[in-house]
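> The active site annotation in Swiss-Prot covers 138, 276, 300. Among the features that Swiss-Prot reports, Zn(2+) 2 binding site is placed at 163, 199. Residues or ranges marked as Zn(2+) 3 binding site in Swiss-Prot (evidence: similarity to another entry): 184, 227. Residues annotated as signal peptide in Swiss-Prot: 1-17.
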C-alpha cells in the first residue's frame, strides 16, 4: 500500500475518537468484518469504520435512485467496503494504458451478420471466476481467460491457466507483476517462452515472486496476438466469431467498485483512460433490443461475491462506453 494512504489512515485514526458513527449499523459492521476477515489496529478501526459507513450510505442512495428509475444497475456492499476509491484504484486496477506492441489487425468477416446474442460460457470456453486479490494483476487474468478460450477452441479441453506464471515471468516483455501490465505483453511472453503452465501446477499467490515456469507442465501456447479495431461493431464480430476477448476498461469509479447487477452505465466513464483488464465472454440485450438495453457480458477477476457471480453487464453500443473497444485483443493459437 502507498505510504501516503498509510499515513492518512494513521492521521485519521488518531482523530477517530472524535468520529461519530451510525450505531444502527453496528451489527452490519461486525458481520461484515467477520465475513471478510478484517482485523484492525486500535488507530485504524475508526478510520475504516468511517470509510465503510460512507460507502454504505452511497450504495443505499444509489439503490434508492435505482428504484426511482434513475439508474440501470444496482450496487451492493462487498469486500472493498473499507477502502477509499483512491486505494481501490491503486491496488486493484493494474492495466497500464500505454502504447502496446503491434499485433496483427483483426479483419472483420465480409458480409457476416453477427447473432443478436452470444455467451461463450454455454459452449464450454470459460473457466470459473477467479480472484486476483490485492495485486494489480488484472491483465494476467484477462490474458489467461482469452488463451483458455482459444485453447479450448483448438483442443476441446478447458484447462485453467497460470496467472502466477505471467505475473512472475513476463517482466522482459514489459509487464510489472502486481504493479500492472498489458494483455498483449502477456500473449507475447507465451509466444516467446514457448508455453504457459497450468494453474494447478503453478498456483496463484497474489504477489510477485521469482519465475518458476516448468515446460513439463506447459498446457498452452500461442503464436502472437491480434488487435481489434477500436469500434464496438468490430469487437462484436470478433466476440461472435473468435471467442472470449481481452479488453481494457475504465473501472476507476465507486459505481463499478460496488456494482451488483443490471446494465452498468457510468456517465463519468472514459473511453480513453482505461485502468482494468477484463474478459468479454459474450453480449446480449434485455427485453427490447433498444440501445439502452444492449450489453457486453464481462468476466471480472474479483471473485464470485462481486457483481453477478463475478460478472458484469456493461452498456453496449453507447459510444464505446468505458473504453471497452479501445484495447481489445486475443491470442493466436
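Glycine too: its Cβ is placed from the backbone N, Cα and C atoms.
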> Between residue 300 (active site) and residue 138 (active site), how far is it from one CA atom to the other, in Å?
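With distance taken Cα to Cα, residue 138 (active site) is 8 Å from residue 300 (active site).
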> When you tally the Cβ atoms that lie within 10 Å of each candidate's Cβ, which of the recorded positions (199, 227, 276) has the highest tally?
276
> Whose Cβ, among the binding-site residues 163, 184, has more other Cβ atoms within 10 Å than any of the rest?
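Per the Cβ count, the most surrounded site is 163.
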> What is the nearest of the recorded positions 138, 163, 184, 199, 227 to residue 276 (active site), using the Cα of each?
138
> Given residue 199 (Zn(2+) 2 binding site) and residue 138 (active site), what distance in Å do their CA atoms have, once rounded to a whole number?
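Distance (Cα to Cα, whole Å): 15 Å.
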> Which ones in the same chain are close to residue 138 (active site), with CB under 8 Å and 6+ residues apart in sequence?
92, 93, 94, 95, 132, 276, 277, 278, 301
